[in-house]
Amino acid sequence: MTFETIFVTLEEGKTLVFETGKIARQANGAVLARMQETWVFSSVCAANLEEPVDFLPLRVDYQEKFSSIGKTLGGFIKREGRPTEREILTSRLIDRSMRPSLPNRLMQDVQVLSYVWSYDGVTLPDPIAICGVSAALAISDIPQISVVAGVRVGFVNNSWVVNPTKAEMDVSRMELVLAGTENAILMIEGHCDFLTEEQVIEAIEFGHKHIATICRAIKDLQQKVGKKKNSDAIVPLPEEVQSSVNTFVEGKFADLLKIKEKKAFEAASKQLEKEIVEKFLEENEIFTALNIKTAFKQAKSDYMRALIREQSVRSDGRAITTIRPISIDTSFLPRTHGSCLFTRGETQTVAVCTLGSEAMAQRYEDLNGEGLAKFYLQYFFPPFSVGEVGRIGSPGRREIGHGKLAEKALSHTLPDPAKFPYTIRIESNITESNGSSSMASVCGGCLALMDAGVPIKTPIAGIAMGLILDNDHVTILSDISGLEDYLGDMDFKVAGNTEGITAFQMDIKVEGITPTIMQAALAQAKAGRQHILDIMKEALAAPKTDLSQYAPRIETMQIKPNKIATVIGPGGKQIRQIIEEAGVQIDINDSGLVSISASSPQAIEKAKSMIEGLVGEVEVGKIYEGRVTSIVPFGAFVEILPGKEGLCHISEFSKQRIENVGDFVKQGDILAVKLLSINEKGQYKLSHKATLSE
């Protein structure tokens, strides 16, 4: 293969470079994509399937090598293993960007591998990975409908920025990753700080201009070194099979769609499919089980589309903008800190909010270093939620992706950590699913936060929008069901309040989605959110004013950073003593912010008093409860703060004359003393007598 390099300038100082022909020459396609000193290598390989399948077997694995930043993993095992959450989310971004660009009925097993080989800590690698994978696909012999590219868009100082640096992202009000072809958008994912629908559209249009530029460069690379596409890998569905199935099911879908309950509908649909397979199977060689099932799915999709297009009626009988019935039960679980049973149609979640100290925070490590997440949402999708038997174990990619979307949606409404110093964990337990369980997680999670007494800024709701695009006829659907997601052209999830958007995610199965269509979808989503928010406010108008009796109490105090070692003590001895004596949990960060959590306010006050005693500075004129450390003929030495000891002269014990100090106090006694002065040697003059009149 010929070595080739292509340069694409997006903005000043941001040039994307594609190289091929030097590395991994036995792969179907391989590209090294780089910007600045962030380099991402991507490869694609395909193998013919032994047995045809009715789905696209695309597998994407993205990995961030720690060697890319000159580090080696700690611990006994030194090689990268189980993917991190960030790697899984990036793998999903690449998959969702590439899948629409691959043809239906592609009978090849396609594997995408993408590795971060060099990371400069400035240029974020995920949009580079999307572009690198697309370029590798473009120059390979794997069939592809169209070339794809991806970018990240930020909103910094009221200006749109393409592929913002890490520093820019830290202050950006939006994070948007989008992918598309030269003429259309295929995938978007992002979150923002209550930006308007108009601003989101503006960001998408801004990003798409740069996507088009990158797509043209990838096409240039394809023309120079691209392999001939393997058209034999695409096995189209014979028209005879489709027409025969269409004729057989004519009139049967009307009866099928009278069944509104999901499980009953699926059972009847499978029975009808079975009848079709039994009738046509082996009628001739083109009537395979796979072909018949594919034709049945297409016929079902065509009928659903025609029903919407011609009668404005959906498969479950709803109108285009109708949202399924919603029921809400807050404080659903008696011993949790906050909970909510949220049901929308046949989609349901039990959302739970748990409050804790910093020790409960989620710790993680990636190429940008170690981090601590004090808010996180975990999404659980057990097989019983769809009436199936399945594997239970570590979360799948879908669970992680859905949880992160709901987490981002709610993160923008959380209170200032300085005013509410709790770690917040939400779990969304999906107990029923028929479309849009991630948006149910947003609604249920928000209500669980409010039920727990978290003083959120504003309630947040989420809704999933769908699209039926037939030539020039466009229909936008509110609150799509699982069937509409499966057979429709778009899944557009939007979360926020009535004033702005906090998170969004869109996947498109067809080209032709224009900014006008997206604008209409966002406007319809806003009306849907308003409807859902009104119902949520009826159930719980505002966050509860008091925390649950079962939630820990947390208070913070600030100490000087140079006093941290004093509080911790040698080998942690001092802080362990405070924790044991007061019955609290203590966390101290590098800035000296001390977080104290306990089940009672009294325990917190005791711990604060002990810490203040360790780090406090002595003040002339202040009264201290000191401990008598030793007695001498002329008085007693009293420790007023740890390590700070002064003399209370015999004349300062009482207003009456005393002959023997030992008759007045004993070693170890607690004695109230007032600090009268500090001499030039730093010695403390104490008086018990001065406290008697106060």
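Including glycine, each Cβ sits where the backbone N, Cα and C put it.
It should be emphasised that the depicted structure is a prediction, and the values quoted were computed from it without experimental measurement.
If you look up Swiss-Prot, you'll see D485, D491 marked as Mg(2+) binding site. What Swiss-Prot records for 552-611 is domain 'KH', and it gives sequence analysis as the kind of evidence. The domain 'S1 motif' feature in Swiss-Prot is assigned to 621-689; the stated evidence is sequence analysis.
Counting other C-beta atoms within 10 Å of each candidate's C-beta, the binding-site residues D485, D491 are led by D491.
Helix, strand and coil counts from DSSP across the domain 'KH' (552-611) read 32 helix, 16 strand, 12 coil.
Mean pLDDT of the predicted structure over the domain 'KH' (552-611): 90. DSSP assigns D485 (Mg(2+) binding site) to a helix in the three-state reduction.
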